[in-house]
Structures are given as structure tokens and as C-alpha cells.
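K.L.:
Got a structure for you, written out below as C-alpha cells; questions coming shortly.
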Amino acid sequence: MKEKDPKITENAKLADLAQDKSDGTNQFMTTDQGVKINDDNNSLKAGDRGPSLLEDFILREKITHFDHERIPERIVHARGSAAHGYFQPNAEAKKYTKAGFLQDPNSTTPVFVRFSTVAGFRGSTDMARDVRGFAVKFYTQEGNFDLVGNNVPVFFIQDASKFPDLIHAVKPEPHNEMPQAASAHDTFWDFISLMPESMHMIMWAMSDRAIPRSYRMMEGFGVHTFRFINEKNESNFVKFHWKPKLGTHAVVWDEAVKISGNDPDFHRRDLWEAIDAGNFPEWELGVQVIPEADEHKFDFDLLDPTKIVPEELVPITIIGKMVLNRNPDNFFAETEQVAFHPGHVVPGIDFTNDPLLQGRLFSYTDTQLSRLGSPNFHEIPINRPIAPLHNNQRDGHMRQEINVGRVSYHPNSLGGGCPYQAKIAEGGFASFNERIDAKKVRERSDSFADHFSQAKLFYESQTAVEQDHIINALRFELSKVEVPAIRERMLGLLSQIDKKLAESVAVVLGIPVPKSPEKPMNHGVGADDEGKQEPKPLVKYAQTSDALSMIKNKHNSDTIETRMVAFLCADGVEGASVNTMKNTLEKEGATVKIIGTNSTVLKTAEGKELKVDHNLLTVSSVLFDAVFIPAGEESVNRLKEEDKIPEFLNDTYKHCKVIGAERDGIDLLNEVDFITTLSEKKLIEHGIITNDEEQNDNFATDFITAMKQHRFWIREKPLKN
Ligand code: HDE
């Protein structure tokens, strides 16, 4: 650990989990009944070549337990990774909420956070084009609060009733279970092309937000509008935002595809290794606060989960920070068994009538009943609150708690009325008493009917490079669609966001954009009696929002902390060249990996040993943020012999990452295609930082300045059409 964080040992949840930890070090092996085992290698047989005996309770127990090791994976968000940490508020939220964990800037609350992809199975690649889950469990003194969000602030659908349809459409197709962890197939786009309300989300999902560089470099969003309730019982609407300290960054699509092959655990490994090295990921928690009185002030409905509240309309107030500082001890016990629920709220936080949120409030307990097997899933160590828990819920599969006494009902006199209800002043939860006066209807509010304005806002807020990436993603996804009518419908919908966008996608599909797009079917596929739920034509949002672009986003940081730099080395590399660059990069918080032509140590030109982190055979440039070729004639000559080098450097260039080369190192660049197209002057402009002087104090800092730019988009050719 680089840094000892005192809060690791102070964390009440970790102390709670410690009671259940088991460690076999220096212990005898036993059966599940505690009987010491004398032979774990041979089953009991009638003679050494004879049949096994049913009597062998040791074999039976071992095999039976193994047979039942698996539980159903999550129906969505099956693939995930998690970490422990803490949350610390500042003084800002106090005036809006009475939630205890948001009051005292000197307090910390333990958290457990699980990041995930949505569509892929548990063993699928981390690098799928997909939304990422961002679920945070706060173990507060007043009970658990779960903020179960995503890395995208909106959702595909407006009403919970469409969720099973959406998920059936995006998951592998039911007849052949293909494709895995991918939306590029007919059923997904068939559904989407019939659901214009998904257009805003589609813009996000086709953007580079859906291929993050790291879980540590993602924003998180509560998506729905929630409520904060203060001591005076005043309600304010809130939208939750997580802002990563390292900025919001992504990879490019070609890189994502190659990472999936090179290291399908890319995000999981990144999170694990960062925490293990003491580089604790950190986010600020922010809220957009909207007074009750302003509920109807906007051109969109606050209850509509396909809409954002642009930061330019309502700025974000930072209310605290979260630090993840400890990896789980056991993946299954913690990451797999953790059960989040947007309905886990504490006094001071409440729901709104967002129809997607309302449906979620049912789904998350329900799903645990089949996934974890019993209504007692709250007793699993990772799920149990650190707040005291007493009620009259009893029994059920795998009950752990031993409730004493005769009484399991309320009201009672035999138990002295205990456990007793808490008054609001004593911390009892009371739902916000919103006035509802309405007819029972199966309808969608007219205020939900504009599906294109914010899709357009998002698209128009992107830089040209980001727009090109969206176009390319749509070209790729829709080219994988086999049924022409689906592609046409999609072009019709895209043309309502932006004509040029639709035309640009159409060029590659080889079909024209429909002149008058077929009227998209909507909400129950045209089943509403009066036709009043048709999507409205686009009306508003001439402005753009920089916060929506990862390149323009003002929250983005220019740090290179924790970024990975590959040093390409072989025997004869100049130790001084390696060390100067390494030391300067490490001072900035970057991580250097020596990539060698063998797996153990290299001999430097100075005759010293240089430890190799990875054999060139096992890595690829997509696993790094930048590449450096140190000086050393012999080293460079040896690297020239390696088949992998041209691909390594060409990919680094193609993915717009910084390349550095010193003296003889520059010679290696002559092995690659891109160098011929660049004049010496253009090298720096294109993020290729070279040094041919013996002594150049600026070189390492120039390399770092270039890395702070993250990518040199100038290398990408703008799309012609
Ligand atoms: Fe979920 N979602 N969801 N979801 N969701 C689940 O719960 C569901 C939605 C989100 O790391 C499931 O325990 C419905 C929006 C995350 O364990 C399930 C609807 C957002 C995770 C479920 C939604 C999310 C889940 C599957 C529409 C962002 C992973 C396993 C009405 C705000 C949590 C489970 C983890 C997981 C249902 C929509 C986020 C089936 C019915 C919107 C991050 O209950």
C-alpha cells in the first residue's frame, strides 16, 4: 500500500464483516460439521480398485456442496466488480436533507460500491459497448441507503412496464443465444426503432461513454429525480451526480474490441490493482436541487427518466466525497451476494412518481428472492445494516437471527409493546405526504412526449470527433442488423435528431434516409385509444451543454495520475534513459511498466539489471495509455526484430495516444507506417514527443504535458460524409 488510510481500520462495516471471516491458515481441515479430515485425496472404496461406498460422508458432503455452488446470476448487471470505501459529507446538504450521514463534515459512512455492465453474462468482457452500473450502498447509522445508478444520466424507457421487453431485446437472442454482451443485433434495434423515447439514451449509448477507460474514470448518476426532505419537512427535488476525481475518460471502439481479446477483465483488474497499489479512486457527490415550486418550470418533466436537467439550468452542488480504499476479501460473499435496491432509503431521502423508479421499487427485492433464495438476504454479511435491526419478520429459508421471546407481532402487550415504533423526531421514517388527487389511468403524461429535443441537445453538444464516434458506432451496430426494415426505421428516427447524422449513417448502410419517416409506433405499439401518446415533434433546446461532452466537460481533470505507460525495452537499454523518464512520470502519479523481450530481467547498457513487468508476448498497446521507447542502440536493434513492435506502435498511434522516443529510440519509429506521413514539425502536434539530445531537461515534462491531453484526436481523419 502506498498510503495508509486510517479510515480503513475505522470503518464500522468492515468491523461488522470481520465477525464472519474465516481463515484456514495453521488450522486442520474439517468437514462442514467440524470433524477433522484425515484423507482428502481418496474416497472410501471397497478395495483399492473397488466401487466407492455410499457411507463416505466426507466425499458426499464435498461433492454435494460443489454441486450447489452456483446461484443464478443477476438478470441484468450480471458482470460486475466492487470495492469498499467511505463517504464523507461537507456542510452543503444539511439545509436540504435531514439524512444523518449528510450532516457532519467530520463523519464518515462506510460504503460498498459495485460497478457493472448491463447486458453481458457474468463471464463476459468488461469492454462491451454498454451502459455501466454504478451502485453504492451507504451503511448509515440510520439504516442502509442504496444509490443504484448508472454512468449515463437517462434511461431507454419511461415506464417500468417496458423493462422486461427492453432486456429481452438486448440480451443474446433466445433461439441461438448470440451475440454475447452486445447490442449490435436485430432484436435490440427492432425494439429501439419502435421506441422513440429511447433516442436520447441511444445517443449516450453510442457515444464513447459506453466504452469507459476505467470504472475510476466514469461519472455516475441517480437517473431519476429523488427528493430531499429537511427537518422542517420541506421537500426539494434532487438529481444525484458522481464526479470522478480523475476525470471522465473513454477508450476508442477499435481499442475496446482489442482490449476484449487481450484482457476481458480490463476494468476489474484496473480497479483491483489501483486499490491494491493505494491509488484510491475518488468521486465527489453532487446534487442538482430543484425547489418544489419549480417542478413545472422546465420544458421537460422532472419525472421523465429520459431527460436530464442540464447543468447550465441547475448547477451541481457538491455535497461530499467518496473514496474506495479496500478490495473485497471474497468475490462471491461480497460482490456477488450484495443486493442493492433503490427503495433502500433513509429518513431525509424520498422518491418521486417517476414511473420507472416506481417499478424499480418493486423489482429489486423480488429479484433477490430467486437470486439469493430467500427473504433473509438482508442477513448476508455484506447486506446487513450496521444500524440496529428489530422487527417482527420471522423465519424463512436460511434464517440466521435467533429471535428470542414469545412475541412476533405488533401491537403486543406480552413483549411490553416492543419493538416499538419510532416517532419522526426519534428517526422514524415517514413518507413525504405529497398530495395526490387523480383518476386511475393507464396513460402517459403528455409532458413525456418530446423524445428528440434532448437527443439533439446531446448530439449537438459533442465535439466533431465525438460526433464522428457516435456516427461510427451507429454504422457498426446497424450494419450488424440483418432486417432492412429495422435499419430504415432507425434512419427515420435518427433524421429527427439530426439530418446529417442520419445521412452519414445511411451512406454506410447503402440505403437512403426515408423522406417522410414512418410514424414511429409508440407506447404499446399504437394501442392507445385516442392517439394522444404520439411523440411530439421537436420544439426546444437550441442551446448546447458542454457538460455533456467528455472533451469539453469542465469537470475533466488534466492529471495523469494512475495512467499506465509502457516502456519498450530489450537488453542494452540505457538505464539512465529509463530511470529519468520513470521517476518523472511516477512523481506525477503515473504507473510505469517495463515491457521486455523476456519475462524476468534485462541487462541495461550500463550492465545493471532491469526488472521486466510484462513480456512483450503477453501485452498489447491497448492496455496502456502511452508508450515510451528509451535510448539504447542494442535494445532498439533487438526490438526491431520483434514481430509485435509495428502493431504495438501503429495501434498506439491509431488510438491517438502519446508516443515518446529518446535518441536511438526514435529509430524504432522508422519501423512504423504513420511516421512517413508526418513531417518532423508535426510530430509534437500529433503527440509524438522525441528527444535526440544527450541532456534535455524538458523532454520528460513535454511527454507529461502531452499525456495530460489524453488523446491526440488530430490524428483521426474526420468522416467525409
Ligand atoms: Fe436496474 N435492476 N432496473 N436499473 N439496476 C437490477 O436487480 C430494474 C434501472 C441498476 O450491482 C436488478 O439485484 C427494473 C435504471 C444497477 O447489483 C433488477 C428497471 C437504473 C443494477 C433490476 C431498472 C438501474 C441493477 C438485477 C426499470 C439506473 C446492478 C439484479 C423499471 C438508475 C446492481 C438486481 C448491482 C440491477 C430491475 C432500470 C441500475 C432485475 C425493473 C433506470 C446499477 O432488479
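Every residue, even glycine, has its Cβ placed from backbone N, Cα and C.
Keep in mind that this is a model prediction, so the values were computed, not measured.
Residues or ranges marked as compositional bias 'Basic and acidic residues' by TrEMBL: 1-10. According to TrEMBL, the compositional bias 'Polar residues' annotation covers 24-33. For 30-418, the entry in TrEMBL reads domain 'Catalase core'. For 1-47, the entry in TrEMBL reads region 'Disordered'.
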K.L.:
Short question: which residues 6 or more past the ends of the compositional bias 'Polar residues' (24-33) have a Cβ under 8 Å from it?
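P.N.:
40, 57-58, 61, 65.
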K.L.:
Over the domain 'Catalase core' (30-418), what is the model's average pLDDT?
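P.N.:
Mean pLDDT for the domain 'Catalase core' (30-418): 98.
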K.L.:
Within the compositional bias 'Polar residues' (24-33), how many residues are helix, strand or coil going by DSSP?
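P.N.:
When I sort the residues of the compositional bias 'Polar residues' (24-33) into the three classes, I find 0 helix, 1 strand, 9 coil.
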